[in-house]
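The domain 'Dihydroorotate dehydrogenase catalytic' annotation in TrEMBL covers B:4-284. Annotated FMN binding site per TrEMBL: B:S21, B:K45, B:S46, B:N99, B:N127, B:K165, B:I191, B:G217, B:G243, B:G244, B:G265, B:T266, in sequence order. The substrate binding site annotation in TrEMBL covers B:K45, B:N69, B:T70, B:I71, B:G72, B:L73, B:N127, B:N192, B:T193. Taken from TrEMBL, the feature active site, nucleophile applies to B:C130.
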Amino acid sequence: MASQEKCRIIDHQKVGPQHYKLVLASDYLSKHAQPGQFVQVKCSDTLDPLLRRPISLHQISPEHKTFALLYEVVGKGTNELTKLFVGENLDLFGPLGTGFQLDSQRNKHLLVGGGMGSAPLLALAERLTGQVSILLGAKTAANILAEADYNKLGHNVAVITDDGSKGKKGLVSDLLLERISQDSVVYACGPKSMLRAVAEICWQKKVDCQISMEERMACGIGACKGCAVKTKGGYKMACKDGPVFKGEDIIW
Amino acid sequence: MVDLSLELAGIKLKNPVMVASGTFGWGQEFADYLDLNKLGAIITKSITLKPREGNPPPRIVETPAGMLNTIGLQNEGLEHFLRNDLPFLSKFNTPTIVNIAGESVAEYVELAKRLSKEPMVKGIEVNISCPNVAHGGMAFGTEPEATKQVISAVRKETTQPLIVKLTPNVTDITVIAKAAVAAGADALSLINTLVGMSIDIETGQSRLGRLTGGLSGPAIKPIAVRMVYETARAVNVPVIGIGGIMTGNDAVEFLLAGAKAIQVGTANFVDVTASLTILKGIEDYVDRHPRSLNFS
């Protein structure tokens with residue numbers, strides 16, 4: 001169950017050209033949140049921006065009673081967040097949604113992150129055991145996020161960029177094609193075109209794949225039917241049925 | 001604590017705060033977060049005769065102090081509601097008012113007929129104001145003759161309290177209001193959303209999957225207050241005020257404009273407990289101004 005609470009800001013750093021990392025304190029959230037879930041963030045006390053902004057959990061640390069959010073400034077709401085100082089409180093509602101299913105049957109995990117999509121995969125990488133490979137793609141080197149945090153976990157990390165400014169030149173789905181094998185399980189987050197490519201590769205290779213979808217959202221609890229994702233079982237809600245779906249279920 | 005109870009169109013309410021159709025699901029979604037027993041009434045999301053899958057995404061976009069939506073009445077249909085949702089709502093000591101939407105007069109009539117047999121349904125709100133469907137919806141709420149036709153047909157089928165939810169997308173809302181009352185409405189609720197549009201200037205495309213959507217939230221509140229004021233003076237049935245109510249003070253504005261009760265909509269998305277905070281705000285106001293509203 002989600003809780004609405006005001007969480008104290010422990011740290012707030014700029015980590016990319018338009019990217020910031022917020023570390024927040026909460027017993028409840030750090031204890032109950034699962035990788036792939038998100039929180040609804042109240043970005044301001046005024047009427048504009050009005051709705052909360054859904055932001056995925058980037059790190060979940062029950063031992064420190066903290067969690068982190070990684071966000072990109074894309075509009076009014078996220079721009080408001082940049083003004084917050086350490087020590088201030090942020091009104092959050094969460095954890096929400098259905099996160100990643102940690103597949104203990106397989107031990108070869110491929111995490112595929114495109115751009116901001118690498119944010120929620122870190123929380124997953126922290127929980128996975130076995131052979132974990134992280135594939136990160138972005139437009140340019142500056143947009144590769146959280147690489148150091150992934151490296152710290154001791155997992156294998158490969159990077160690719162659209163312009164070749166870091167790693168190979170190409171798309172993260174190219175890396176996936178090189179690495180994927182029958183005994184893999186794939187977890188992906190990123191832009192829709194990338195997720196579609198990942199889902200198609202996994203379908204062809206008959207590999208299970210979980211993808212985290214992004215949709216504009218209002219309530220966050222499945223009531224308003226706003227964040228519809230088209231699936232083989234009809235429209236599902238990104239906020240409740242997702243944001244993590246089986247790749248094979250999505251109708252692109 | 002002040003007593004804000006009232007009787008509206010024959011429905012006994014503990015207080016004048018209802019939750020608006022489409023913003024509170026079927027109650028269950030919110031039950032973990034607030035005590036549903038404390039609400040004046042719960043208005044369900046629109047029920048249609050057959051299941052509806054809803055409109056293609058994106059279905060939502062935020063605009064200054066408001067939001068556009070084009071959900072398209074996604075719901076599992078009447079049978080599913082009666083089997084799965086109504087039993088849950090019936091557990092609470094808060095009247096359930098079922099919002100109905102049809103593509104034809106016959107569908108509205110069938111819905112009303114079936115719901116009349118359900119003792120746990122305490123009222124019907126007729127949605128003749130949905131701007132996001134191809135057939136029916138707002139078409140019944142923008143022509144007084146069409147309003148009369150659908151409401152009188154529904155009236156014949158039910159003795160349940162009948163609330164008619166009006167659209168603001170008309171030249172003169174009092175014309176439709178009078179038509180609904182003449183056809184047998186026991187109360188009117190207003191306003192539904194205003195038809196709006198938002199364009200992504202980088203792609204040149206609408207930000208919504210279905211071109212236009214319904215605008216809600218604080219941005220529409222002054223229009224809603226004005227329309228409630230006009231309507232309350234034009235008809236002799238109770239008016240329920242809806243439109244951008246975020247605080248108790250917002251609600252009081254509607255009550256002063258002539259509304260007997262209010263519905264909380266978009267605010268439910270921002271804060272799951274908004275309806276109860278708003279109720280507290282009304283109580284505080286009545287404490288401070290004991291004679292300015294008719295609760296006594």
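Just so it is clear, glycine is given a Cβ too, placed from its N, Cα and C backbone atoms.
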- [ ] Taking the Cβ of B:N127 (FMN binding site) as the reference point, list residues of the same chain whose Cβ is under 8 angstroms away and which are at least six residues distant in sequence.
- [x] B:S21, B:S46, B:N99, B:I100, B:A101, B:G137, B:K165, B:N192
Open item on the list: Please report the Cα separation of B:T193 (substrate binding site) and B:C130 (active site, nucleophile) in Å, rounded to an integer.
Closed with: 8
Task: Cα-Cα distance linking B:G72 (substrate binding site) and B:I191 (FMN binding site), given in Å to the nearest integer - done: 18
Open item on the list: Just to verify a number: CA distance, B:G265 (FMN binding site) to B:G72 (substrate binding site), in angstrom, no decimals.
Closed with: 17
Open item on the list: Comparing the binding-site residues B:S46, B:T193, which residue's C-beta has the most other C-beta atoms within 10 angstroms in this structure?
Closed with: B:T193
TODO: Within 10 Å of each Cβ, count the other Cβ atoms, then let me know which of the binding-site residues B:G243, B:G265 comes out lowest.
DONE: B:G265
- [ ] Pop the Cα-Cα gap between B:G243 (FMN binding site) and B:T70 (substrate binding site) into the table, whole Å please.
- [x] 17
Task: B:G72 (substrate binding site) to B:C130 (active site, nucleophile) - Cα separation in whole Å - done: 8
- [ ] Taking the recorded substrate site as B:K45, B:N69, B:T70, B:I71, B:G72, B:L73, B:N127, B:N192, B:T193, identify the other residues of that chain whose CB atom sits within 8 Å of the mean position of the site's CB atoms, giving them in sequence order.
- [x] B:G22, B:S46, B:C130, B:P131, B:N132, B:V133, B:G214
Open item on the list: Can you give me the average pLDDT across the domain 'Dihydroorotate dehydrogenase catalytic' (B:4-284), rounded to a whole number?
Closed with: 96
TODO: Give the maximum pairwise CA distance in Å, whole number, for the residues B:K45, B:N69, B:T70, B:I71, B:G72, B:L73, B:N127, B:N192, B:T193 listed as binding substrate.
DONE: 16
TODO: Work out how many Å separate B:C130 (active site, nucleophile) and B:G243 (FMN binding site) at their Cα atoms, rounded off.
DONE: 14
Task: Under 8 Å by Cβ from B:K45 (substrate binding site), same chain, sequence gap 6 or more - done: B:S21, B:G22, B:F24, B:G25, B:W26, B:N75, B:N99
